[in-house]
Amino acid sequence: MALRNILIHPDPRLKKMADPVANVSDDLRQLADDMLETMYNAPGIGLAAPQVAVMSRLVVADCEKDEDASPNPLVLINPTVVWTSPDKSVYEEGCLSIPDQYAEVERPKEVEIEWMRLDGKTQREKFDGLWATCLQHEIDHLDGKLFIDYLKPLKRQMITRKMQKLKREMARG
Ligand SMILES: [Zn+2]
């Protein structure tokens, strides 16, 4: 396992559509392992492959909030939202590609998601609460969409300018 570099917004790769995964290869398994390690290390509750510069439809997440709970890592290949509840909920979201910036985003409260597991089998499951929000956020990444795209333009531009400044500082070391 190895830590991968997380891309910071703005980056053209974070705005691109990711490609479907054709089959579960050793490379893909390695990528999933690395992404989980990178996510836990950050620390974060979800990570999508484009955030580590791999344009594949792969997401990892672990939204167990209780610190005493054992890890519950989930790997979703080619995830699609097949149903959303009419009820909405609002969460203050953040993103490992937009460090230290948070904003409230409204999304469907419950979702049903279908994906391919690492064993190649298809799984379909309903999620609510933080899991539902997190997985919608991560699946958005596969379509080149960030949580700040839900915000008003002024707020989005303010965050983008902060990130540009952060990247300049990081580049200078
Ligand atoms: Zn994100």
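Cβ coordinates are placed from backbone N, Cα and C, and glycine is handled just like the others.
Sequence-distant neighbours of Glu138 (active site) (same chain, six or more apart, CB under 8 Å from its CB) are Gly46, Leu47, Ala48, Val59, Ala61, Leu76, Pro79, listed in sequence order. The secondary structure of Glu138 (active site), as reduced to three states from DSSP, is helical. Feature annotation from TrEMBL assigns active site to Glu138.
TrEMBL lists Cys95, His137, His141 with the feature Fe cation binding site. Here His137 (Fe cation binding site) comes close to Gly46, Glu93, Cys95, Val105, Arg107, Phe147: these same-chain residues lie at least six apart in sequence, with C-beta atoms under 8 angstroms from its C-beta.
In the three-state DSSP scheme, Cys95 (Fe cation binding site) falls into the strand class. Residues near His141 (Fe cation binding site) in space but far in sequence (CB under 8 A, at least 6 apart, same chain), listed by position: Leu14, Ala18, Ala48, Pro50, Gln51, Val59.
Within 8 Å of the centroid defined by the CB atoms of Cys95, His137, His141, the record's Fe cation site, lie the Cβ atoms of Gly46, Ala48, Gln51, Glu93, Leu96, Ser97, Glu138, Asp140, Leu146, Phe147, excluding the listed residues themselves.
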